[in-house]
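Here is what TrEMBL records for this protein:
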- 29-51: transmembrane segment (TRANSMEM)
- 63-83: transmembrane segment (TRANSMEM)
- 95-114: transmembrane segment (TRANSMEM)
- 121-148: transmembrane segment (TRANSMEM)
- 154-174: transmembrane segment (TRANSMEM)
- 189-209: transmembrane segment (TRANSMEM)
- 229-247: transmembrane segment (TRANSMEM)
- 268-291: transmembrane segment (TRANSMEM)
- 297-317: transmembrane segment (TRANSMEM)
- 324-341: transmembrane segment (TRANSMEM)
Amino acid sequence: MADNLEPILAKDGPSTYQHPLRKLKRSHWWILVVLNIIFLIVGQAASVLLGRFYYNKGGNSKWMATLLQTAGFPILLVPYFFLHPSDESPRLPTSPPILTLSAIYCIIGALVAGDNMLYSIALLYLSASTYSLICATQLAFNAIFSFFINRQKFTALILNSVVILSLSAALLALNEDSDKPSGISSRKYIIGILAAIAASALYSLLLSLMQLTFEKVLKKETFSVVLEMQIYLAVVANCVAIVGLFASGEWRTLSGEMNNFTTGKLSYVMTLVWTAVAWQVCSVGVVGLIFVVSSLFSNVISTLSLAVTPIASLIIFHDKMNGVKIIAMLLAFWGCASYIYQNYLDDLKTRKNESDDD
């Protein structure tokens, strides 16, 4: 854990900053990691399945699909109030200027909205297999951004994890026909490919920027800072999505979408509501893993969910589970276990060094 975080600050010379989670017992730290992994995998699998259900049953608004990815942020207020700073461990004596925080949240929030829009376009114009294959490139992008922005250290186990998870996603993608979906023109198909590549790159950049913000700017010792960032970024992203929804004129088509939704109006509303909730559960896991471990680890778990989604499809939609999908899932679990084991070794090494210093 700590070996991956120390180089971020070391490049600027000696620092007195100590990651707040160093204070936790090893078992408590791993509980936090596991909880955030569950949030991310379950939330992302549910949101992807519901997103596909929305498009398959008659939904067609890209801006609505974009808005849903951050619209559920009010539910984060519940855990935030339970984790009020006054009830937690003391914060650092100095806080970053409000103007600095506002600028950071506005910039990253606008990037989040743009990334959500790119994913919505890709999901609309590409088949599931092509979408999954291209999204797997986020690991390669994250490796680049983590190296230059966060000074992420790479070991044999981490590289093994990245390669294995990429192969797993590729197997899932190649398992189905990757031709353009019915009714999608060649022009829209190319747009979808470009949107998926751009979204994967931007998503990886966002993870590194968020980790850098935690380390360099916020420097607070409570998990409430994770929720604060998620809430503020969602507010900005929502504003951008709402402006886009009205400026594009897509808001006029929503009534027709609901009336023509093949499973009914109630199903349409519930699809939107639970999609928004699922995205927020996923977001908590993503940001939580950035705070607890690193941006690369968060991205590895995100890629792992590409293997978990077929399991959810098997249970909910009764999809077939063939040999290729089973092999892909086993590879994904292997890659994830490899990276987690590397963090376990780093944690042992750091705690041993701290014990020797004492």
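Residue numbers in this text run from 1 along the chain shown.
Glycine too: its Cβ is placed from the backbone N, Cα and C atoms.
Unlike curated entries, TrEMBL annotations are predicted automatically.
Keep in mind the model is a prediction, meaning the values are calculated, not measured.
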Paired segments the transmembrane segment (63-83) and the transmembrane segment (229-247) in contact, 3+ CB pairs under 8 A: yes
Contacting positions for the transmembrane segment (229-247) when only residues 6+ beyond its ends and CB under 8 Å are counted: 61, 63-64, 66-67, 69-71, 73, 76-77, 80, 105-106, 108-110, 112-114, 116-117, 210, 213-214, 218, 280, 283-284, 287
Beyond the flanks of the transmembrane segment (268-291) by 6 or more, those residues with Cβ under 8 Å of it: 32-33, 35-44, 46-47, 50-51, 53-54, 57-59, 64, 68-73, 75-76, 207, 210-211, 214, 223, 225-227, 229-230, 234, 257-258, 261, 297-298, 301-302
